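Below is one structure, written out as structure tokens; the observations come after it.
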Amino acid sequence: MTCSITELAKKLISIPSVSPKDLGCQDIIIKRLCAIGFDIKRVNVNDTKNFWAFRGTGKTLTFAGHTDVVPIGQDKDWQTDPFQPVIRSGYLFGRGSADMKGALAAMITAAERFVNKFPNHKGRLSFLITSDEESSAVDGTIKVVEYLMSKRDMIDYCIVGEPSSTNIVGDVIKNGRRGSITANITIHGIQGHIAYPDLADNPIHKGLPVILKILSIKLDSGNDFFLPSSINIANIHAGNGFNNVIPGSLFVQFNIRFSSEVSEKHIQSQIVNILNSNDINYSIEWLFSGKPFITKKGLLIDTVIQSIFYFNKKKPILSTSGGTSDGRFIALMGSEVVELGLVNNTIHKVNECVKISDLKLLSCMYEDIMKNLLS
């Protein structure tokens, strides 16, 4: 089994599918799914490749993932070619090994074993795969979700294969994620010579008190599932590097990660009220990434915990920490959503790698979840 998983992972890693490119990864996966009786619906949008695969009827268990990867960074910093996967000391190295081509290989091989053992399984087993998760995420999973909702074709349970684990596979699972919204604020002034400040209007001087007020906003205190919402500066810029020029504008980008205690509209009003209450000329652009979502204890979480405990003899920690994931789109369908994947300590880094034994363990967990929900 390990060889089968590893070989599939290596095939996928060897394809330089930097987001949103797929470059043939999905063709490999689709071929294997077709061989075990899955129907395929491609939902391609612009440069993004998406597909929905399903087998059976009834309550639907979906495995969701992505074939795209982030850029490699500096090639010279890698010990090996990031798109020529190699095995060293029990680890598989390559871009996407942990995030998340290794998990894709674990899913597919788990499905192959499950279907072989239970060809007439109850319910429906499905896959939702995209090549637009790591970049804009506008043409990816959300488009498949919209397609399914237009057909009134709903997902009941979903396992997202994002690398949720911290030290060992299954020690942490994500049963929700915070929402995310970005505010791009430009404070406009009047450029001038720094020796004649009375002839200019310094946007930095006017902007700093406003920035501090925004950072001091307390949106909420969190709840049983989420930490308190946070406001952080992601980027700030003014001036052109000359020490004798007052800049004409100041740009500051805030990112807000928010809990289920507040809405994006409340966040927007809080920030806009501060801007309007100060004597500044500003413009603002909002980028909304997704609402918070939470899956409370139910059949899916109970099943995932049961499978993890079977292999690890220890229950996982339920967490909503970290960034956004495509689970936020699937949750719009009212689905129970849990993220269970590989260890995340090398994701997006140079020399990304995953233990071969972890690939096997994750695939076994996935198969056990299929068996417990569908057999």
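Keep in mind that glycine also has a Cβ here, set from the backbone N, Cα and C atoms.
The structure displayed is predicted, hence computed values, not measured ones.
Copied over from Swiss-Prot, here are the features:
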type: ACT_SITE; residues: ASP68; note: active site
type: ACT_SITE; residues: GLU133; note: active site, proton acceptor
type: BINDING; residues: HIS66, ASP99, GLU162; note: Zn(2+) 1 binding site
type: BINDING; residues: ASP99, GLU134, HIS348; note: Zn(2+) 2 binding site
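Shown on the structure are the features that Swiss-Prot records.
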{"residue": "HIS66", "record": "Zn(2+) 1 binding site", "contacts (Cβ under 8 Å, 6+ apart)": "MET100, ILE129, THR130, SER131, ASP132, GLU133, GLU134, GLY140, THR141, ASP326"}
{"residue": "ASP68", "record": "active site", "contacts (Cβ under 8 Å, 6+ apart)": "SER17, VAL18, SER19, PRO20, LYS21, ASP22, THR130, SER131, ASP132, GLU133, GLU134, SER135"}
{"residue": "ASP99", "record": "Zn(2+) 1 binding site", "contacts (Cβ under 8 Å, 6+ apart)": "VAL69, VAL70, GLU162, PRO163, LEU342, ASN344, ILE347, HIS348, GLU352"}
Measure the Cβ-based neighbour count of the residue listed as 'active site, proton acceptor', defined as the other Cβ atoms within 10 Å of its Cβ.
27
Taking 8 Å from the centroid of the Cβ atoms of HIS66, ASP99, GLU162 as the cut-off, which other residues in that chain fall inside it around the Zn(2+) 1 site?
GLY65, MET100, ALA103, GLU133, GLU134, VAL160, GLY161, PRO163, SER325, GLY341, ILE347
At a 10 Å cut-off from the C-beta of GLU162 (Zn(2+) 1 binding site), count the other C-beta atoms across all protein chains.
27
Can you tell me the three-state DSSP label for ASP99 (Zn(2+) 1 binding site)?
helix
Taking the Cβ of GLU134 (Zn(2+) 2 binding site) as the centre, count every other Cβ atom within 10 Å, in any protein chain shown.
22
Just to be sure I understand the packing, how many Cβ atoms besides its own are within 10 Å of the Cβ of HIS348 (Zn(2+) 2 binding site)?
15
What three-state secondary structure does DSSP assign to HIS66 (Zn(2+) 1 binding site)?
strand
Starting from the Cβ centroid of ASP99, GLU134, HIS348, which together make up the recorded Zn(2+) 2 site, report each further residue of the same chain whose Cβ lies within 8 Å of that point, ordered by sequence.
VAL69, VAL70, GLY96, MET100, ILE347
